[in-house]
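Chemist: Sharing the features that Swiss-Prot gives for it:
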- HIS63: active site (ACT_SITE)
- ASP105: active site (ACT_SITE)
- TYR43, GLY45, GLY47, ASP64: Ca(2+) binding site (BINDING)
- CYS42-CYS132: disulfide bond (DISULFID)
- CYS44-CYS60: disulfide bond (DISULFID)
- CYS59-CYS111: disulfide bond (DISULFID)
- CYS65-CYS139: disulfide bond (DISULFID)
- CYS66-CYS104: disulfide bond (DISULFID)
- CYS73-CYS97: disulfide bond (DISULFID)
- CYS91-CYS102: disulfide bond (DISULFID)
- 1-16: signal peptide (SIGNAL)
Amino acid sequence: MRTLWILAVLQVGVEGHLLQFETMIIKMTKQTGLFSYSFYGCYCGWGGHGRPQDPTDRCCFVHDCCYGKVTNCDPKAAAYSYTIENGGIVCGGDDPCKKQICECDRAAAMCFRDNLDTYNYAKYWKFSAKDCQEESDPC
C-alpha cells in the first residue's frame, strides 16, 4: 500500500513555472536551484554572456538557448505539467508551447544532475562578470 501511495505522489503534476523548475532541480540534484544555480558561472541566473565556465554553466547556456527557441509564449511565465517517473522527468500536456518550456527545464535539471561531480560552488558561485568577457559560443 505504501508503495502505491509513493507512486501516486510522484506522478502528481506540478503547476507554477518557477516553482516547477525549482522542484525539478531539487528532485534531480537534491540541491535548491535558487541557492545552487541562480548566480553560478556566466549563464546560470538571469541573462548570461561570455563562455560557459564548466559543464554546469554549459547546462545553463543550453537552457538559455532552448528558451530562445520557444515560440508563442513566455518561457519564464507559462505554467506546464510534468511528472517524475523512474528517476526521470516526463513532460505532459497538449499545449506545444508549454511542452517546449517543460522540455527546456527538464533538460537543464537532468544536465545539472549529470554534472554534479564537476559542480564547483567555491569557484563559480557569484562569478565575476568581468570573467565572462570571452566571445560566447553560438546556440
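Heads up, the Cβ atoms here are built off N, Cα and C, so glycines get one too.
Have a look at these and tell me how they're positioned relative to everything else.
Modeler: DSSP classifies HIS63 (active site) as helix under the three-state reduction.
ASP105 (active site) counts 27 other C-beta atoms within 10 Å of its own C-beta, drawing on all protein chains shown.
In the three-state DSSP reading, GLY47 (Ca(2+) binding site) counts as coil.
Under DSSP, CYS42 (disulfide bond) is assigned to coil, being neither helix nor strand in the three-state scheme.
Neighbour density for CYS44 (disulfide bond): within 10 A of its CB lie 26 other CB atoms from the protein chains shown.
The Cβ of CYS59 (disulfide bond) lies under 8 Å from the Cβ of CYS44, ALA108, CYS111, PHE112, ASN115, each on the same chain and at least six residues away in sequence.
Mapped onto three states, the DSSP output places CYS139 (disulfide bond) in coil. Every protein chain shown contributes to the tally, and the Cβ of CYS139 (disulfide bond) ends up with 10 other Cβ atoms within 10 Å.
Its own atom aside, the Cβ of CYS73 (disulfide bond) has 15 Cβ atoms within 10 angstroms in the protein chains shown.
For the recorded site, CYS91 (disulfide bond), the DSSP three-state label reads strand.
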Chemist: Can you list the residues of the same chain, besides TYR43, GLY45, GLY47, ASP64, whose Cβ falls within 8 Å of the Ca(2+) site's Cβ centroid?
Modeler: CYS42, CYS44, TRP46, GLY48, HIS49, CYS60, PHE61
Chemist: Restricting to the chain of CYS104 (disulfide bond) and a gap of 6 or more, list residues whose Cβ falls under 8 Å of its Cβ, or answer none.
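Modeler: Long-range Cβ contacts: HIS63, CYS66, TYR67, VAL70, PRO75.
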Chemist: Can you tell which of CYS91, CYS102 has the least company, meaning the fewest other C-beta atoms within 10 angstroms of its C-beta, among these disulfide-bonded residues?
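Modeler: If we count Cβ atoms within 10 Å for the disulfide-bonded residues CYS91, CYS102, the smallest count is at CYS91.
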Chemist: Can you give me the Cα-Cα distance between CYS42 (disulfide bond) and CYS102 (disulfide bond) in Å, rounded to a whole number?
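Modeler: Between the Cα atoms of CYS42 (disulfide bond) and CYS102 (disulfide bond), the distance comes to 23 Å.
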Chemist: What does the structure give for the C-alpha distance between CYS91 (disulfide bond) and ASP105 (active site)? Integer Å is fine.
Modeler: 10
